[in-house]
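Asks: Got a structure here, written out as structure tokens. Questions coming.
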Amino acid sequence: MEISWGRALWRNFLGQSPDWYKLALIIFLIVNPLIFLISPFVAGWLLVAEFIFTLAMALKCYPLLPGGLLAIEAVFIGMTSAEHVREEVAANLEVLLLLMFMVAGIYFMKQLLLFIFTRLLLSIRSKMLLSLSFCVAAAFLSAFLDALTVVAVVISVAVGFYGIYHRVASSRTEDTDLQDDSHIDKHYKVVLEQFRGFLRSLMMHAGVGTALGGVMTMVGEPQNLIIAKAAGWHFGDFFLRMSPVTVPVLICGLLTCLLVEKLRWFGYGETLPEKVREVLQQFDDQSRHQRTRQDKIRLIVQAIIGVWLVTALALHLAEVGLIGLSVIILATSLTGVTDEHAIGKAFTESLPFTALLTVFFSVVAVIIDQQLFSPIIQFVLQASEHAQLSLFYIFNGLLSSISDNVFVGTIYINEAKAAMESGAITLKQYELLAVAINTGTNLPSVATPNGQAAFLFLLTSALAPLIRLSYGRMVWMALPYTLVLTLVGLLCVEFTLAPVTEWFMQMGWIATL
């Protein structure tokens with residue numbers, strides 16, 4: 001019997017999301033206008049809490065949908081205006097261009113990145129050295145490329161290798177269901193479990209590597225670009241400004257990588273089984289023999305484009321998004337990708353998040369119009385200048401570990417800039433606060449998948465169920481990194497940021513605008 005109209009509408013609303021989640025959102029949409037009539041300030045904070053809830057529940061439903069409904073209602077009932085939302089979007093156009101074009105541009109360099117990580121995996125036998133190499137490679141790439149893309153490439157490598165061994169273990173040439181272990185005998189299952197543990201640890205090292213590298217440059221994370229623009233910094237300025245905090249954090253993060261592998265803590269330390277290595281090596285040898293001259297030229301061209309990308313960013317030859325567009329044009333032209341649909345695939349990864357970012361800016365507009373963060377900022381600004389840095393870092397860190405970095409970074413840098421423009425803080429203090437905000441937004445956020453977009457991408461990927469990587473296991477494996485990165489970052493903000501920045505100024509390496 002066909003279901004009723006009401007039941008059909010309920011099923012269509014937010015699709016496969018659980019009923020309790022749908023009900024919660026409906027309650028939010030009913031309650032918000034009523035609270036707004038009584039107290040706009042309370043309603044504003046309620047909206048922020050609801051929006052953070054949708055981000056935290058990203059696995060139940062992509063936040064664009066519920067967050068977008070909340071944002072539309074906020075504009076409709078007068079919490080902010082459509083014009084203010086447009087102004088926020090216009091002010092952050094560079095970030096939208098970064099997400100649209102840079103992420104798509106790197107898509108056309110995936111063959112080179114796959115080649116790099118495959119070589120690393122098969123060339124280095126020491127697990128400690130391999131883990132360190134993955135972490136360093138991910139950090140370096142994330143300093144210039146989008147972290148999501150770097151993680152996507154590592155996922156591609158891992159899924160490919162897992163599939164190769166799974167086919168051998170199941171004795172089937174066509175193994176379409178990688179989650180089906182029923183055809184694998186007991187001996188192979190033991191080896192497969194070890195291989196899963198090995199891949200889990202590598203994926204986590206690579207994921208943390210993207211955070212370590214992403215915090216260092218203005219293109220490493222979308223919020224970095226927002227903060228750099230607000231402070232008026234270019235690529236080199238940003239790197240030097242962050243280095244009093246980010247360089248010690250990078251060193252300690254890499255030492256943590258070695259330590260957890262050596263001591264086999266928190267689920268790390270599993271090595272690549274020799275049987276798996278033999279299978280993968282045979283496959284790689286076969287692939288290399290089949291590689292044509294045309295394939296080799298593609299890799300060389302992509303490497304040259306990579307050099308252009310790094311050079312253009314370092315010398316600030318154009319806006320970041322436009323450099324990304326140049327990468328798309330060069331990579332497609334010189335590697336023979338001419339079909340519109342083939343080019344279109346490059347944009348599927350970035351455009352949903354670009355749309356979500358526009359919704360973020362709607363909520364930011366509400367925060368500004370309702371002056372929601374004014375009490376917090378006033379509390380922080382009442383502290384001494386030295387204490388302000390640590391307080392900004394801590395407040396950013398707490399919110400970033402459960403919410404999205406771009407959202408948090410945008411809110412706090414806007415508030416700090418408003419304080420500077422009103423004369424509450426000096427320009428010099430504002431620049432130090434920008435460093436505290438950026439590092440506070442990026443470093444503690446490795447605590448949960450909600451904080452790091454790259455982690456959330458990994459958790460929701462096809463690889464996660466194959467290697468038994470759940471939300472809880474990811475939080476557990478990230479814990480040593482969370483503690484080290486957060487505490488070292490806080491100590492550096494407290495003790496090294498101001499004196500080292502002062503020394504840089506005396507040396508003439510950086511200047512206050």
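Heads up, the Cβ atoms here are built off N, Cα and C, so glycines get one too.
Copying in the features that Swiss-Prot gives for the protein in this structure:
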type     : residues : note
TRANSMEM : 23-43    : transmembrane segment
TRANSMEM : 52-72    : transmembrane segment
TRANSMEM : 97-117   : transmembrane segment
TRANSMEM : 120-140  : transmembrane segment
TRANSMEM : 144-164  : transmembrane segment
TRANSMEM : 202-222  : transmembrane segment
TRANSMEM : 238-258  : transmembrane segment
TRANSMEM : 303-323  : transmembrane segment
TRANSMEM : 348-368  : transmembrane segment
TRANSMEM : 391-411  : transmembrane segment
TRANSMEM : 447-467  : transmembrane segment
TRANSMEM : 475-495  : transmembrane segment
Asks: Return the stretch with the most CB pairs under 8 A relative to the transmembrane segment (303-323), choosing among 97-117, 348-368, 447-467.
Replies: 97-117
Asks: Any chance the transmembrane segment (391-411) and the transmembrane segment (120-140) have 3 or more Cβ pairs under 8 A, given the pairs are 6 or more apart in sequence?
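Replies: Judged by the Cβ rule, the two regions do not touch, with the required three close pairs absent.
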Asks: So which of 52-72, 120-140, 238-258, 447-467 has the most C-beta pairs under 8 Å when paired with the transmembrane segment (202-222)?
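Replies: Against the transmembrane segment (202-222), the leading stretch is 120-140.
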Asks: Sequence-remote contacts (6 or more beyond its ends) of the transmembrane segment (97-117), Cβ cut-off under 8 Å?
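Replies: Answer is 134, 137, 141, 145-146, 148-150, 152-154, 156-157, 219, 222, 225, 298-299, 302-303, 305-306, 309, 319-328, 331-332, 335, 337, 345-347, 349-351, 353-354, 357.
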Asks: Between the transmembrane segment (238-258) and the transmembrane segment (475-495), do 3 or more CB pairs sit under 8 angstroms, pairs being 6 or more residues apart?
Replies: yes
Asks: Do any residues of this chain, six or more beyond the ends of the transmembrane segment (52-72), have a C-beta under 8 angstroms from a C-beta of it, and if so which?
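Replies: Residues 14-15, 17-18, 21, 24-25, 28-29, 32, 352, 355-356, 359-360, 362-363, 399, 402-404, 407, 449-450, 456, 459-460, 471 contact the transmembrane segment (52-72) from elsewhere in the chain.
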Asks: Residue list, the transmembrane segment (348-368) vs rest of chain: Cβ under 8 Å, 6 or more residues beyond ends.
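Replies: For the transmembrane segment (348-368), the list is 44, 47-48, 51, 62-64, 67-68, 70-71, 74-75, 79-81, 84-85, 87-89, 92, 95-96, 99-100, 103-104, 107, 146, 148-149, 152, 222, 404, 406-407, 410-411, 414, 453.
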